[in-house]
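Okay, structure first, notes after.
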């Protein structure tokens, strides 16, 4: 008799995706981040659901409703901090996942990669709108500054911003719609993640060598399920260390001050995971130019498959490209640091140089390094 998991219409899908899935035998821990992102998403949806039961999306009561969650709701404080720090863990996993894709040439799976970029953008939009909800100073001014960037779009900009605001400034209408979008987007992300997996399973996983592994596959369960459980345990450990010992480490103290349209904070800055893009935005003295650079800093990922000039897929055997990759990582860390600094000398020039380097490495130096390596190998 055939096993029910292989015949039942619903269980068959789960079986083919997580149990009997043929997987390369040599994928490293860098391949753990997909499952970790799934865990992060489930965790965010669950904690978010419980927060939404007590939150009110009204400018008069939003801030006090968050205070009420932390003080009066049973275990409300832990749910709130798990949600806030869960977002940080989500982005750490996202950046690692994208970095893995760049290093090992996973972007040659075009559909999977492009849906991944859409997922990244959707997650960034969700996180931005979530940051507005507590209605602290940084929530209000962050929303004002970032939505105002759209006014740089010629002709329709101002009308577009007022349409998004639902008025002439960030107010009750803005907060209510941001809450609505923040609630619905994670479910759209979950659906997109399924499509992401669907396209991945059409081709099968890449592996560290970048060489087709059809001759050497092993079942996903038990080998990679146990490996994913280890990764999940480490993720939960780091998250709970953050939540229980330093819950405000990655937050901004200004967000404990209720939103006040008459008082601007000394340094308006987004959450740490947006700082690299914020630094690129600030490094260009022109508004429209800055907005374009900001958008391109993420959308440049779409170009990665077309910038791949190497005859090899992975960087595993390409030392010059490896150097370029790690210089890019260092550059992104520099941009993240600069994004959190005030706009003054020497931070301005460092930010401008790091921004130029970012685009230069991706658009010029990495393809050039690949071409040099091809010539060295006489390919």
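Here the Cβ of each residue, glycine as well, is placed from N, Cα and C on the backbone.
Not measured: the values here are computed from a predicted model.
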Per Swiss-Prot, which of 77-98, 143-164, 253-274 is transmembrane segment?
77-98
Which one, 33-53, 77-98, 113-133, 288-308, has the most C-beta pairs under 8 Å toward the transmembrane segment (226-246)?
77-98
Who are the long-range neighbours of the transmembrane segment (113-133) in its own chain, taking Cβ under 8 Å and residues 6 or more past its ends?
55, 57, 62, 66, 87, 90-91, 94, 97-98, 101, 106-107, 139-140, 142-143, 146, 174-175, 178-179, 181-182, 185-186, 188-189, 192-193, 195-196, 199, 270-271, 273-274, 298-299, 301-302, 304-305
Stretch winning on C-beta pairs under 8 A with the transmembrane segment (178-198) (pool: 33-53, 77-98, 288-308, 347-367) is 33-53
Sequence-ordered list of residues in the chain of residue 182 (heme b b562 binding site) that lie 6 or more positions away and have a Cβ within less than 8 Å of its Cβ, or none, is 48, 126, 129, 130, 133
So which residues does the transmembrane segment (77-98) touch in its own chain, when a touch means Cβ under 8 Å and the partner is 6 or more beyond its ends?
30, 33-34, 36-37, 40-41, 43-44, 47-48, 50-51, 66, 69-71, 116, 120, 123, 127, 130, 235, 238-239, 242-244, 247, 250-251, 271-273, 301
In which DSSP state, out of helix, strand and coil, do we find residue 196 (heme b b566 binding site)?
helix
Counting only residues at least 6 beyond its ends, the same-chain positions whose CB falls under 8 A of a CB in the transmembrane segment (347-367) are 279-280, 282-284, 293, 296-297, 300, 303-304, 307-309, 321, 324-325, 327-328, 331-332, 334-335, 338-339, 341
